[in-house]
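What TrEMBL annotates here:
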- PHE95, GLY96, SER97, THR104, ASP109, ILE110, ASP111, ASP163, LYS224, TYR233, GLY242, VAL243: ATP binding site (BINDING)
- ASP109, ASP111: Mg(2+) 1 binding site (BINDING)
- ASP109, ASP111, ASP163: Mg(2+) 2 binding site (BINDING)
- 1-12: compositional bias 'Polar residues' (COMPBIAS)
- 520-530: compositional bias 'Polar residues' (COMPBIAS)
- 16-210: domain 'Poly(A) polymerase nucleotidyltransferase' (DOMAIN)
- 362-425: domain 'Poly(A) polymerase RNA-binding' (DOMAIN)
- 1-24: region 'Disordered' (REGION)
- 520-542: region 'Disordered' (REGION)
Amino acid sequence: SPSTSRQLNQPQGHYGLTSPISLALPNDRDHTHTQQLIEEMKPFGVFEDQEELYHRTTVLGKLNNFVKEWISELAESKNLPPSITEHVGGKIFTFGSYRLGVHTKGSSDIDALCVAPSHVERSDFFQSFFEKLKNQEEVKNLRAIEDAYVPVIKFEFDGIEIDLVFAKLSLPTVSDDLDLRDDSCLKSLDIRCIRSLNGSRVTDEILRLVPNLENFRLTLRAVKLWAKRRGVYSNIMGFLGGVSWAMLVARICQLYPNALASTLVNKFFLIFSKWDWPKPVLLKRLEESFLNLPVWDPRVNPSDRYHVMPIITPAYPQQNSTYNVSLSTRAVMVEEFQRGLEVTDEILKGKSDWSKLFEPLNFFQKYKHYIVLTASAFTEEHHLNWIGLVESKIRVLVGNLERNEFVTIAHVQPQSFPGNEEVYKQSRFVSMWFLGLVFKKAESAVTTNVDLTQGIQSFTDTVYRQASALNILQEGMKIEATYVKRKNLHLFLPAETLQKRKKQKVSDISQSSTELQCNRSSLGESCSDGSKTRDSRTPSNCSSLNKISKLDISTAETERLFFISWPNSKSQVSPTEMEATVALRTSGPAVGCTIPGYNTVCQLRTCFVQGQPKLSGTLIMDPKSASPKQHYSPTSK
């Protein structure tokens, strides 16, 4: 479109690409604020430890030799001439935080790239190299994620977490002095190899484009610490990853080339709290190349027009590093940018200090409604594979939920939590993620009903389909979606996690425990009490539900609706009725997961709570319940 063309080719105003906003030199106050910033960050361990740095360097050296050994062995197994086998080479490149020079103390993960010559296939990397790693004593927690946008093998090597991606070049050998900055190294490569190479190429280009590395690194350390403390640091969850935060900071450094870190942090929040998204952030103009690879350009690629927060990588082929960002996650980040601007303005005026900027987000007090997503497995190895897959797809659930007309925000907390052993007795290995929800209420309706079934069902279908395609689906792997109110979060999380939570009476805790027990009880178990519910289509008591649960899942006549309802705020209702409820309704024809061989296990319990009927439910996807050729088709409210 003409407006997009102007954005890309004719930068205007303060967000232009050609001239900086300010060439002002720092003064004594800027130096003082920057020193205060440094002192405030030290306790968080954002500055690397020399001993740890040495250990990481040693581990990378071992891994580099390990890769060369594997490539040489592979050449022999493929009967390559000895003259080639002796010199095939292979090399490990680093990128991300480690390569940018902003690695933190105690954070041992390293993003690395394995570059191999032309005789090595991607299948070799995920098979023979994976098996070779498995046989090493120093390697722990090994898992492969082949279906990721950039396929990766994750593992711990002598205590150092490594995320290793793979790329093969169209070269018979890979020398130690290989330079990946040359575009010719991309010639004749498939798109997955190009994506893998771009990690290293982009990092090197960022370092080349910033005017002052010391100021850039210090500012980036501050921004990354802030992003992690505020829960907006996670590319996989739909927020921003390390490279995206680095590019935003680099852009501010370009605009204020002489500014110190304290000023740059403030300008960072100033610029991006007012940024006209989806206007792209560019460190340099888009370039063309003789390779004619696809680059990010909404004028040419219709799919690029749907990116809501584009931050474009500077190395060819330029891509959007934030394709995972959704409207919900962008809204959360913009809100945090605005808060950051207010706080840093106060700091620079001497009305506050840097500790306020790094105050953690009180996620579990922020919302009234939450969904708890639980992934469980019988063994530790299965659990590692399972949570890796589930975590990589949670952004799909966020996207599904925010497309619901009544959902305005679906905010996922990037951190996962271990499950309560008392609640999950059948599965020893459990991980939980929490999503906060904000709903809008219909003006005219007396009661607002929000049907979340289809979004949750679609998400679980996607996860099981991927697991089945990757042959990692095992008995005992389950996904469970549970609705919970803020006041009941203590049933899932320890008190120290629930910051500033209100003290509850013993009776309230007992009440919530009863609800959870009914909510979590498995099929065939009975609740302590039963009652008629507000909806006549729901079975009237637990005994009737038990009859349903005893039926063969493949023939049970069930229909599942996962919905939340509450009266309109303008209606005259009692406090009890104002409580939002979630229910799984059972009636109608048989339905199930869209994956052949898998079905949905429905749980529903109706319990008395202080004399009032209460509905609570969970949606569990369990591969043990086989029901081929059944398809999910929700009936909307």
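Placement of Cβ uses the backbone N, Cα and C atoms for every residue, glycine included.
Since the structure is predicted, the reported quantities are computational estimates derived from the model, not experimental observations.
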Query: Around ASP163 (Mg(2+) 2 binding site), how many other C-beta atoms are within 10 angstroms of its C-beta?
result: 18
- prompt: For the Mg(2+) 2 site given as ASP109, ASP111, ASP163, which other residues of the same chain have their Cβ within 8 Å of the site's Cβ centre?
  reply: GLY96, TYR98, ILE110, ALA112, LYS154, GLU161, ILE162, LEU164
Between ASP109 (ATP binding site) and ASP163 (Mg(2+) 2 binding site), the C-alpha gap once rounded to whole angstrom: 7
Task: Count the residues of the domain 'Poly(A) polymerase RNA-binding' (362-425) that DSSP assigns to helix (H, G, I), to strand (E, B) and to coil, and report the three numbers in that order.
output: 27 helix, 17 strand, 20 coil
- prompt: Would you say which of the binding-site residues PHE95, LYS224 has the most Cβ atoms within 10 Å of its own Cβ?
  reply: PHE95
Task: Can you tell me which binding-site residues out of SER97, ASP111, LYS224, GLY242 are within 10 A of ASP163 (Mg(2+) 2 binding site) by Cα, answering none if there aren't any?
output: ASP111
Task: Within 10 Å of each Cβ, count the other Cβ atoms, then let me know which of the binding-site residues ASP109, ASP111 comes out lowest.
output: ASP109
Query: What residue among the binding-site residues SER97, GLY242 has the most other CB atoms lying within 10 A of its CB?
result: SER97
